[in-house]
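The carbamoyl phosphate binding site feature in Swiss-Prot is assigned to ARG55, THR56, ARG105, HIS133, GLN136, LEU267, PRO268. Marked as L-aspartate binding site by Swiss-Prot on the basis of sequence analysis: LYS84, ARG167, ARG228.
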Amino acid sequence: MNFERKHIISTKDFSRDEIDFILDRAARLEPFARKGSTVLNGSIVATLFYEPSTRTRLSFDTAVKRLGGTTIGFDSAASSSTVKGETLADTIRIIDSYADAIVLRHPKEGAARMASEISRVPVINAGDGAGHHPTQTLLDLYTMRKECKKAICDLNVAIVGDLKYGRTVHSLAYALSLYGANLSFVSPEQLKMPGSIINYLKRKGLSITETSSLQDVLGRADVIYMTRIQKERFPDPAEYQKVAGTYRITPETLAGVGRDTIVMHPLPRVDEIAPEVDATKHARYFQQSFYGVPVRMAVLSLVMGVDI
């Protein structure tokens, strides 16, 4: 498959075969995620982060450098010319003359799509508001493939927390629809998965459960995908306080789950997963975070036309 110069904006843009192709390349690159290679020697990737990020920004930075490339960019809007009034469009037009690819995180939904329509080099969406986060989804699927005893198509996946504002769960739901996985959505009423996504999944013929009770789904879940409540997306702090701390996984919570059930989280966590869970056999969120490096190495090498 040819991904050279292709933009990575949304999981909706990919077929199952294309996703599997990316994950297969990630598996081949995983050994190099610690020791490195030189296939991107001389290449420059711009990482433009208008919102705070730890894992995504640093794992992209690591991925580029493990491939032998270098990075330029900024880690907040405050350190860019945005503070002087420069538009995103103008920034993209400038940066695409400096770099061979652009990794963009922006608070505005649709920003990455707009950037891709302007840029002369591949744009990789590292999160656009409450929209999409495709490389997070790819590493989530890679984690399920590596850590679960079942194939992705046979999994029961419980997605828990902020399903309204959480872009990671939007992207993940679309991707899991390609595999026919069974999905359970657990959230407070005011943070339910958007109706447009539910309707999309139903048209795909997926088995979907919506509930506000975590206990309803724990017994049958192969994957418990926890998310934090997206405080920064709430227009009213009082509304956030009403739902903060709604769901929390503890060792006691996990007493009734299957022996092979895994707990995932895109991180950062607040209080959704007790620290004591880290030592249990179910915890996979730190390994999940590491998998971001080989997956992003795979994405970068593909869009930049590097043969591995």
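Each residue, glycine too, has its Cβ placed from N, Cα and C.
ARG167 (L-aspartate binding site) falls within a helix when secondary structure is assigned with DSSP. Cβ neighbour counts within 10 Å, taken over all protein chains shown, single out HIS133 as the most crowded of the binding-site residues LYS84, ARG105, HIS133, ARG228. With ARG105 (carbamoyl phosphate binding site) as the anchor, the candidate binding-site residues are LYS84, ARG167, ARG228, and the one with the nearest CA is ARG167. Apart from ARG55, THR56, ARG105, HIS133, GLN136, LEU267, PRO268, the carbamoyl phosphate site neighbourhood in this chain, defined by C-beta within 8 angstroms of the site C-beta centre, holds SER53, THR54, ALA126, GLY127, THR168, PRO266, GLY292. Ranked by how many other Cβ atoms sit within 10 Å of their Cβ, the binding-site residues ARG55, ARG167 place ARG55 at the bottom. Among the binding-site residues listed (LYS84, ARG167, ARG228), ARG228 has its Cα nearest to the Cα of PRO268 (carbamoyl phosphate binding site).
Within 10 Å of the C-beta of PRO268 (carbamoyl phosphate binding site) there are 10 other C-beta atoms, taking all protein chains into account.
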